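Here the structure comes first, spelled out in structure tokens, and everything after it is commentary.
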Amino acid sequence: MSKYEFIKIEKKWQEFWDNNKTYKVEEDPSIPKEKRLYILDMFPYPSANGLHVGHPEGYTATDIFGRYKLLNGFHVLHPIGFDSFGLPAENYAIQTGTHPQKSTEENINKFKKQIKALGFAYDWDREIRTHEENYYKWTQWIFLQLYKKGLAYVKEMPVWYCPELGTVLANEEIIQTSDGPKSERGSYSVEKKYLRQWVLKITKYAERLLDDLEELEWPESVKEMQRNWIGKSTGVEIEFEIEGHSDKIKVFTTRPDTIFGITYLVIAPENKLIEKITKNNFKQNVLKYVKHEELKSDLNRTSLEKDKSGVFTGSYAFHPITNEKIPIWVGSYVLGTYGTGAVMGVPAHDERDFQFAKKYQLKILPVISKSGKNEILEKAFVDDGISINSPNEFNNLKNSEVKDKVIKWLTKNKKGKEKVAYKLRDWIFSRQRYWGEPIPILFDKLGNAIPLEENDLPLKLPEIANYKPSGTGESPLSRIKDWVNVKDMGFTRETNTMPQWAGSCWYYLRYLDPKNSKEFANKKKIEYWMPVDLYIGGAEHTVLHLLYSRFWHKVLYDLGYVNTKEPFKKLINQGIITSFSYQKENGVLIPNDQVIEKDNKFFDKKDNKEVTQVIAKMSKSLKNVINPDDIIKEFGADSMRIYEMFMGPLTDSKPWNTKGIIGVFRFLNKIWNLREKELSKENPPREIISELHKVIKKVTEDTEKLNFNTAISAMMIFINELLKYEKNYLNIFKPFIIILSPYAPHLAEELWEYIGELPSLFKNSKWPKFDESLIIKGKKEIVLQINGKIKDKILLNKETGEKELKEIAMENSKIKSNLLNKKIVKIIVIKNKLVNIVIK
């Protein structure tokens, strides 16, 4: 029996595909739009750690689907590239002392080698790298279009600054932990700083970003996360006059029906009015409080679970309708970046206001109740009801009626107006780091921004020896005086760089025309391929990359450069592949190499105490990362591909277990060993034809729906049936090789060649069609024997009884001819299997 030499086979076919550019694709106008398919993976950033077995899960899914569609006559574009600018690459460079240019190139080469070893059908001629000049030239060009459209502006603002990373971070890059706000990357401490920043006006597109979600075939959970992040509210903006000041406080509320329950106003610690309106004898306490609260995260300040804090300014505002005096407070739970940065305190009808009023013993005045009467409140009443304690014309009405009347009154008396507000904030676009796209802006002596001319692009990132963060909030580029100062013009350059998200905002468009030096992509090529039909990647990018790229795409659509309103038609989030780790009694996880197994139990080597095996995310510190190189070396790429898809539904999280891949490896060996049987061109038995069409149907339907695990299961069942036959029927084996090929392309190519077909299978075959009429439903093959020797095989319903089986057998022509002049001793019936007639 010849051995399944997967290493040799996989190397052979990977070289064949590379040398013959099997997966290269070019635009063919004769192919109709409905037969074109653009499939995309969220491209990787090339970390020094390389891939672990979780990374290829999404790549394998797109590869299977792309190959399946290719065999079904689709013109498939499936490109790959590297998100190579940004913090991960730069942090690694700082840790190792290797320049990010060098380390990034080395890491990309490592990634490419690992990706190619898995046999993905990428068109490598379209490879892109976001740190290369021919790419970031167009990132800079798109930034200039945003600037010219009034969507990029400079602003001095409070921002999250991470001393460890040495840069400003966007709100979306901050996470809340029990130890306070941290950077999403690295979980480092952050602080608030006032810095000059470039900001992109994503808020101008808030409504469209919200509305157009309805057109997308995305997971509902992702759409809901974007809706919540955008956070649309419809309400009214009310103006409050301040006693002794000409300034006014504007408040946005969705509950104007509660206006008569206002007992105080709260303004955000960031509000510029604070210093102006705070009374002198209150100023010291107020400014101390403001400084303290500015360091807290937005989530920490607004959470219902967190204690509400505030301080009185000593000043008062006037109620816009009753003219009553209302105390003005500064409070942590009001954000300067949301709405107007001020709220009206209605403690009877808002939970946060209720907590605040209770803490500071402020008046609580109910103006809506269920019964229409005063009731004792133990918590805020937030439901609909009847108005109470209100001026006559607003009293004793449904609160919905009060809402309409209040809006009309405020509008008529010019004290307020209807308005839509969003939680979404403009995107902080500056980073005080070296390894990123230089921002193509100059400043004159007055500080006015001047965009570079387009023919001066790319503005190249200068090579520097010291690329470490300055620690002062300035970019390392600010230290290169010859570069910063444009002497012949008297201008200075912008020294901040763009965030990592800039390059990934539009990379799917560059794949369409990666070598174009005159435009970011030819419009005809954009119209040929866009939108992306299937996009697979992690859910962690929901309010970062996915939102940002939708924003940039809409800007390019408005400018006439792209032909679709949305970039990604269908989105799938693959589940996380986890790994086993080990937990001590106190809940602490310990590294895997610190654990020993004895009698199916696990123990800590250090203290010999038993530990519990648990499922955890793969991490270097826990030493539970599984390297795909090791798996491929032991079992082969095809085994790894199939195992990752066989573990469970694509969108579910599942733990990696190397023992589980052994079963998949055996499955591929069974297929390989079919070569040992005679390859017969005879007509196959009726039942195996039925099984073939059954498996074609199942694999077709499941692959179309991305239900890869059940498709693989069906193929395993089929192979077990096929192994029962003495011969390997060509008419069965050939179509099976084709349906196997998206899942195990190397083995399929080898078997395709073995049966005498020309490679590549993916260029010289078509996906087989199943014939429903050939699928036997509810029937079994019954063997007819005389003295234990097979004379015929017939198909009968499973329910056929013993008496009827005997009658059918006796009427069979082949049996009849062998019974002439013979004495029947007995008839043996085994239900659903055989009828054996014993004669003498």
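Any Cβ shown, glycine's included, is placed from N, Cα and C.
Feature annotations, courtesy of Swiss-Prot:
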BINDING   Lys620  ATP binding site
MOTIF     44-55  motif ''HIGH' region'
MOTIF     617-621  motif ''KMSKS' region'
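Same-chain neighbours of the motif ''HIGH' region' (44-55): 82-84, 86, 88-89, 92, 96, 103-104, 107-108, 110-111, 114-115, 500, 576-578, 618, 620, 625-629, 631, 640, 644, 656, counting only residues six or more beyond its ends whose CB sits under 8 Å from a CB of the stretch.
The Cβ of Lys620 (ATP binding site) lies under 8 Å from the Cβ of Asn49, each on the same chain and at least six residues away in sequence. Taking the motif ''KMSKS' region' (617-621) as a whole, pLDDT averages 78 in the prediction.
Across the motif ''KMSKS' region' (617-621), DSSP assigns 0 helix, 0 strand, 5 coil.
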